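Asker: What follows is a single structure, and I will ask about it in a moment.
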Amino acid sequence: MSQNSLRLVEDKSVDKSKALEAALSQIERSFGKGSIMKLGSNENVVEIETISTGSLGLDIALGVGGLPRGRIIEIYGPESSGKTTLALQTIAEAQKKGGICAFVDAEHALDPVYARKLGVDLQNLLISQPDTGEQALEITDTLVRSGAVDVLVVDSVAALTPRAEIEGEMGDSLPGLQARLMSQALRKLTASISKSNTMVIFINQIRMKIGVMFGSPETTTGGNALKFYASVRLDIRRIGAVKEREEVIGNQTRVKVVKNKMAPPFKQVEFDIMYGEGVSKTGELVDLGVKAGIVEKSGAWFSYNSQRLGQGRENAKTFLRDNPDLAREIELSLRQNAGLIADRFLQNGGPDPDDGDGDATAEM
């Protein structure tokens, strides 16, 4: 009796494997070779290609060393919080590695002088200033399908005005039009983005939901589709000013990883964005060095390997700026301790009751 049952189990497993082989060969005949495969058979699938954000702390907080390629990224926050700066820094980092980048300027507000100061190569940056939302997303789709673009930035979702709204009268009520436009575009784009390995960054603005009593009243524009399709969502906020005596020379900025499909989310990092310079790399080295225990802080003095960096944070930053070899050495040590620093970022962050993922139908 036991032998019969064993033979029955063996026969079933043989039948299953034959049926699976037949199904796979039929799929490949219908849709082409490579349309279905075992995940482990393609080693390239396991590797996550990334591009640096220009911020060492944010690269560590993202868990994979930067923003992932072949994915949709959303950067949102209040006005003048550093959204476009962060996107331009990512473009600059991609261009340093020989990447081709494009900027779809739906807001018609890109400052080329500021972009150059951030390290963007304007000669090799593709730029489009579309008239309508449909035109912007069609240009995005064409560039992504070409497979030649490494990073594409759309600035911003709120400025993607549907053609019907532009051609209509001022004050016309067209509820849900932009949300439908975004939903349709993302359905069409998502497969092309993955196949072409293009990183598409959508910059978004914040609106207030009406009549919210509990939780955050904030939401992002363009409906809910982008929240689902985005692999990484970054919430960027200005939390203070960087001053030199009485003059404001930059912003203290906090970025929270609200969503991350590549690594644990809810990590948050703080860094300085200096006017005309971008993310302060030396400031990050000092702050992250203290957090990781690589840079020692005794009172107001900062030191590294018994070498004094300076009294006060600004003096330590100046010392590292004047000594690039020492700055590189500290950066190398920080990258080796990335796991420890990432764990400490996770302790600082945490899921808010509502991280802007609420219903986007009622917007001010």
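Even glycines carry a Cβ here, placed using N, Cα and C.
Below are the features I grabbed from Swiss-Prot:
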BINDING   GLY77, PRO78, GLU79, SER80, SER81, GLY82, LYS83, THR84  ATP binding site
REGION    343-364  region 'Disordered'
COMPBIAS  352-364  compositional bias 'Acidic residues'
Asker: For GLY77 (ATP binding site), name the DSSP secondary structure in the helix/strand/coil scheme.
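Answerer: Coil, per DSSP.
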Asker: Going by DSSP, give the three-state secondary structure for LYS83 (ATP binding site).
Answerer: helix
Asker: So what sits near GLY82 (ATP binding site) in its own chain, CB-to-CB under 8 Å and at least six residues off in sequence?
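Answerer: Spatial neighbours, sequence-distant, of GLY82 (ATP binding site): ILE236, ARG238, ASN251, THR253, ILE273.
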Asker: Would you list, in sequence order, the residues of this chain other than GLY77, PRO78, GLU79, SER80, SER81, GLY82, LYS83, THR84 that have their CB within 8 A of the centroid of the site's CB atoms, where the site is the one recorded for ATP?
Answerer: ILE236, ARG238
Asker: If we count other C-beta atoms within 10 Å, could you say which of the binding-site residues SER80, SER81, THR84 has the fewest?
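Answerer: Each of the binding-site residues SER80, SER81, THR84 was scored by Cβ atoms within 10 Å; lowest is SER80.
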Asker: Would you count the other CB atoms within 10 A of the CB of GLY77 (ATP binding site), including those on all shown protein chains?
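Answerer: Taking every protein chain into account, the count is 25.
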